[in-house]
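Worksheet: the structure to be examined is printed underneath.
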Amino acid sequence: MNPQAKLIFALSLTLGTTLTTSSNHWIMAWTGLEINTLAILPLISKSHHPRAIEAATKYFLVQAAASTLVLFSSMTNAWHTGQWDITQLSHPTSCLILTVALAMKLGLVPFHFWFPEVLQGSSLIVGLLLSTLMKFPPITLLYLTSPSLKPSVLMTMAILSTALGGWMGLNQTQTRKILAFSSISHLGWMAIIIAYSPKLALLNFYLYTLMTAAVFLSLNSIKALKLSTLMTTWTKAPSLNAILLLTLLSLAGLPPLTGFLPKWLIIQELTKQEVALAATIIALLSLLGLFFYLRLAYCATITLPPHTTNHMKQWYNNKPTNTMVAVLTTMSLMLLPISPIILAVL
């Protein structure tokens with residue numbers, strides 16, 4: 001793909017995201033979502049591999065259906081209340097349709113089936129965009145409409161997402177699919193808290209984006225698409241692999257790393273709101289996710305491949321680590337001590 005085309009798609013993604021996040025009118029928000037969908041499709045299918053074409057087709061169909069539901073929800077609300085303002089969503093049917101539409105956009109259970117398949121058919125960099133940037137506009141719409149949405153529906157979807165994200169990630173051998181199920185599990189944490197404390201859900205999303213970007217870029221640096229390849233990369237970039245271990249543990253939410261902060265605050269807030277049972281269930285379900293992060297970390301740093309490996313030998317290279325990876329991994333590991341400052345900003 002030539003640089004001019006890449007620039008146009010990057011600008012379109014920026015425009016679509018900005019349009020949705022800054023708009024008050026449903027039609028403008030819908031337009032931003034459509035621009036985003038159309039801009040990412042060529043990036044998914046650029047390799048012309050059948051799996052990439054399949055991924056782009058699946059992504060288009062799901063996102064088109066979800067966008068239609070967003071439009072239908074806003075039109076139903078406007079029909080009954082005369083309001084096109086995003087924050088004035090008050091009709092119960094519209095709220096339910098919008099919850100379904102945004103769950104499809106984000107990949108929340110039970111509308112999650114497309115996400116692992118699409119991520120598996122994309123490159124790591126496009127997978128990073130799909131897991132982070134493309135989820136920002138729907139999360140913003142969820143944030144703006146959160147007072148109108150039913151907490152019970154969101155809580156059910158959240159617990160199912162955390163359970164299925166953890167459960168289905170256990171058996172995977174492809175790093176992109178593992179990160180897809182990790183994303184579904186993290187979205188469960190955001191969905192459960194957004195009705196009670198929307199700012200906390202956004203903080204969780206920002207920190208999740210930070211840690212996921214660090215993991216995706218690290219895996220892209222060492223070109224690891226499968227666990228078996230990950231086992232042979234220790235000799236290629238030992239320091240990066242060691243830091244990847246810690247970033248994965250941060251993504252799992254272990255103290256004293258950055259990933260512990262949102263989980264700790266969410267459990268605290270849920271307990272204050274007297275839904276301690278939900279907090280207990282989601283905390284126990286996050287142990288499933290911890291297992292597959294530990295499995296990834298184990299493959300990356302603790303195992304040495306047998307000499308009869310079928311993979312091409314990865315020779316040690318002296319290329320310096322990307323500055324972006326260094327900054328993101330440092331932030332993924334070290335933000336917990338400054339949590340009072342983060343909370344003061346919120």
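From the backbone N, Cα and C atoms, a Cβ is placed for every residue, glycine too.
The structure displayed is predicted, hence computed values, not measured ones.
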Given ranges 52-71, 152-171, the stretch to which TrEMBL attaches the annotation transmembrane segment: 152-171
The domain 'NADH dehydrogenase subunit 2 C-terminal' (290-343): mean pLDDT? 76
State the non-local partners of the transmembrane segment (178-197) in its own chain: residues 6+ outside its ends, Cβ under 8 Å from one of its Cβ atoms. 106-109, 112, 115-116, 119-120, 127, 131, 135, 139, 142-143, 146, 149-151, 154-155, 157-166, 168-169, 172, 204-205, 208, 212, 215-216, 251, 262-263, 266, 269-270, 273, 278, 282, 285-286, 288-289, 292-293, 296
Short question: most Cβ pairs under 8 Å with the transmembrane segment (243-265), which of 96-115, 203-222, 325-345? 325-345
Stretch-level contact, the transmembrane segment (124-146) and the transmembrane segment (203-222), CB cutoff 8 A, at least 3 pairs: yes
Selection from 152-171, 203-222, 325-345, the stretch that has most Cβ pairs under 8 A to the transmembrane segment (96-115): 152-171
